[in-house]
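Novice: Pulled these from TrEMBL:
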{"type": "ACT_SITE", "residues": "Ser184", "note": "active site, nucleophile"}
{"type": "ACT_SITE", "residues": "Asp358", "note": "active site, charge relay system"}
{"type": "ACT_SITE", "residues": "His389", "note": "active site, charge relay system"}
{"type": "DOMAIN", "residues": "48-105", "note": "domain 'Partial AB-hydrolase lipase'"}
{"type": "SIGNAL", "residues": "1-23", "note": "signal peptide"}
Amino acid sequence: MSPVTNTSLILYLSLVLFKNVLGDIEAGVRKPLKFNLNYPSEPLINFTELATRHGYVSEQHTVITEDGYILTMFRITKGRNCRRPIKRPPVLLMHGLLMSSDCFLDSGPNAGLAYLISDLCYDLWLPNIRGNYYSRRHIKLDPDVDQDFWDFSNLEFGYYDIPASIDYILHHTKSKKLNYIGFSQGGGSFLVMNSKRPEYMEKTGVAILLEPGTRHTYTRSRLFRLLCETYLLYYPLLTDIGEYEALPLGGIVQKLTAFLCKDSIAASSGCRLALGLIDGPHPGSVETETIKMLFNHFPAGTSLKNIVWYGQAVNVDTFQNFDYGASKNLQVYGSVQPPAFNLSLVEVPIVIIHGRNDFFASPADVEWMASKLPNLLEQFYVEEPLWNHFDVTYSRLTSKYILPKISEYLKKYSN
Ligand SMILES: *[C@@H]1O[C@H](CO)[C@@H](O)[C@H](O)[C@H]1NC(C)=O
Ligand SMILES: *[C@@H]1O[C@H](CO)[C@@H](O)[C@H](O)[C@H]1NC(C)=O
């Protein structure tokens, strides 16, 4: 066996073990978490608590999508350091794969983008995509029982979740437009929305995409490739044993890392190393306190199908729909190959901010995407050559390297 097959087999066996053995043991001794609000597992410290702790006023909203998913959206109504009236229009800040709204708070008030953008006096809204711990609910389907709940990937985020969140914000604030900021998957699914639902294009003033993920042909993160290709390989087996959810909060992977990374020494050595293994190295960028905090919220859970989509994406040279295999593709799409998302249709003004050392959304893929967009205002490379993917959420240096560019365009598109 090749080392890769070997490792992936071990990974697979561990997954099964997590599910069957540890899951049962865990279920037997599981203590109810602090509150039971229909969330199967809650973050140890949630958005509201974090924002309040640092003096930011926040609200919690519930959004229901056309296909019945119940999403939680947070809003920071006023930043602690905002001394002027709130600017209009509202701003939507969307998280990435396996994350939640909380990722924009994890690095604290000096660096978390949610704090910094609120401090610039924007009315900031932070949705949560279906399947993560805040949005693991549906009007009819039970995520613990109904496998149909988990039948989604990038397409559904763009087709249902982002439109529902936008409509909610516009309605609630009586605005015609908002400005959109999307990180990683939150950038890619914004483009999916606009390519599929042109009526949404006029609802966005400007879209600022941070390390956006579309095509993943040149993804350099070996660990990520290995993880999602393993899921791809064992997708049929995993669904056979009833596994439709991937890496939930409160799952064994998250609990274990959260437990280990609570310790300062572990956080500054092993947990830092783990981050370095999945992304390009950027020494000194992430504070130990942030590492301790982020594993309370990461991984936040998604569908197995979504991870499998990434397993497919790292092996094709375009940005396309989920690949079911030839015969089901014919049924679902009317073609043997899954159709690509047509980025040429996205007429919204777009700004791209990205780092040369991003191992997920690598510069080659981001440039490919940029070349397809008809209304690209600017493609901005962060000055620091070691700027990587997770720096957007976890670096202590966001206000130096990315906030000025974000602020420049928000200002241009606000009154
Ligand atoms: C966040 O935590 C607070 C206090 O523990 C709790 O009242 C609130 O319901 C939680 N919110 C969510 C969305 O879990
Ligand atoms: C994508 O959209 C552009 C612009 O409307 C169009 O010219 C092109 O034919 C479309 N491409 C595909 C593959 O549908």
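Using N, Cα and C of the backbone, Cβ positions are placed for all residues, glycine too.
Note: TrEMBL annotation is automatic and uncurated.
Provide an account of the burial state, proximal residues and distances for the features listed.
Specialist: The DSSP secondary structure for Ser184 (active site, nucleophile) is coil. Close to Ser184 (active site, nucleophile) in the fold, though at least 6 residues off in sequence, lie Gly96, Leu97, Leu210, Glu211, Pro212, Gly213, Phe360, Ala361, His389, Val392, each with a CB less than 8 Å from its CB.
Counting every protein chain shown, the Cβ of Asp358 (active site, charge relay system) has 27 other Cβ atoms within 10 Å.
Residue environment of His389 (active site, charge relay system) contains 28 other Cβ atoms, counted within 10 Å of its Cβ in all protein chains.
Mean model confidence for the domain 'Partial AB-hydrolase lipase' (48-105) is a pLDDT of 96.
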Novice: Please report the three-state DSSP label of His389 (active site, charge relay system).
Specialist: coil
